[in-house]
Amino acid sequence: MYQGIYGSSKKHESDLDHVINRAFKSGVEKIINTAGTHQETIQALELCSKYENLYTTCGYHPTRCNELNESNEDEILKQMIDLCEKNAEKIVAIGEFGLDYERTQFCGIDQQKRYFEFQLKHLISLKKPLFLHNRASSQDLYDILYKYRDEIKAGGVIHSFDGTLDEALQFIQLGYFIGLNGCSMKIQNNLDVIKQIPLNKILVETDAPWCGIKQSHASYSHMNTQFTSELVKKEKWIAGKMVKDRNEPCTIIQICEVIHSIRDKKESFDELCETIYLNTKHLFFSDQ
Ligand SMILES: [Zn+2]
């Protein structure tokens, strides 16, 4: 989408540089790009080389695990480890990986489980935090993480969390942060869960270009910052403007605003942001 391509049709020229600069201008300090295959990590590293404060993950997304099989898994694993070691500063997490039982058309459950565990088992030794994807798969994800709990030292985040409070607390107890974005707060039920998650276990993310907050979401009335005057339809794109229905990193403030509002403003907005900022630093940038 940042290349101007939506589905298979080109609507406008690439504006990725605008998007990234808009984020940094709005106060974002660092961006972690999430890669879903080895090839995507290589692409992300190329982008990272152009921007000082851009980082990436390294791993296979559950919907991309069909690209791995018994004849290439060892070779790809070797390449991934090699890439992580050579780019230790830019690759700040393993992932995004995990399980997705809502989209099994790309990769079946058995294959997903096999390659989630395969990556986990062989990449733990890199001692990087885990960036975990979880859709309708909490129990299986938990069981696999539990199995390796003693070897996993760097912690991780259950990103784009939209589960129950019990699930959140189970993951927290195992040492994980809960990552919240627009998809985590679509319905009132989600808000009721978020309200009860301890603030020192919350991370925020955008998952851009996906997961923007929409007018139909329960979260919508809880946010203050609007980008309405900045938005144009993709067909009417002009340089320097944001595109309607395409999310961007600069909208991350909205996620914090929603959390602040549904927690009944228990703490000041600045305090809330500072806590989440420190959580993020602690997990991904503890050496900086
Ligand atoms: Zn995900």
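Including glycine, each Cβ sits where the backbone N, Cα and C put it.
Please treat TrEMBL annotations as automatic predictions, because they have not gone through curation.
Here is what TrEMBL says about this protein:
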{"type": "BINDING", "residues": "Glu96, Asp207", "note": "divalent metal cation 1 binding site"}
{"type": "BINDING", "residues": "His133, His159", "note": "divalent metal cation 2 binding site"}
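Mapped onto three states, the DSSP output places His133 (divalent metal cation 2 binding site) in strand.
Straight-line distance linking the Cα atoms of Glu96 (divalent metal cation 1 binding site) and His159 (divalent metal cation 2 binding site), rounded to a whole number, equals 9 Å. For the recorded site, His159 (divalent metal cation 2 binding site), the DSSP three-state label reads coil. Cβ neighbour count for His159 (divalent metal cation 2 binding site): 26 (other Cβ atoms within 10 Å of its Cβ, all protein chains included). Separation of the C-alpha atoms of His159 (divalent metal cation 2 binding site) and Asp207 (divalent metal cation 1 binding site): 9 Å, rounded to the nearest whole number. The binding-site residues examined here are Glu96, Asp207; by Cβ neighbour count within 10 Å, the least packed of them is Asp207.
Around the Cβ of His133 (divalent metal cation 2 binding site), the same chain contributes His61, Pro62, Gly95, Glu96, Phe97, Gly98, Leu99, Asp100, His159, Ser160, each under 8 angstroms and 6 or more positions distant in sequence.
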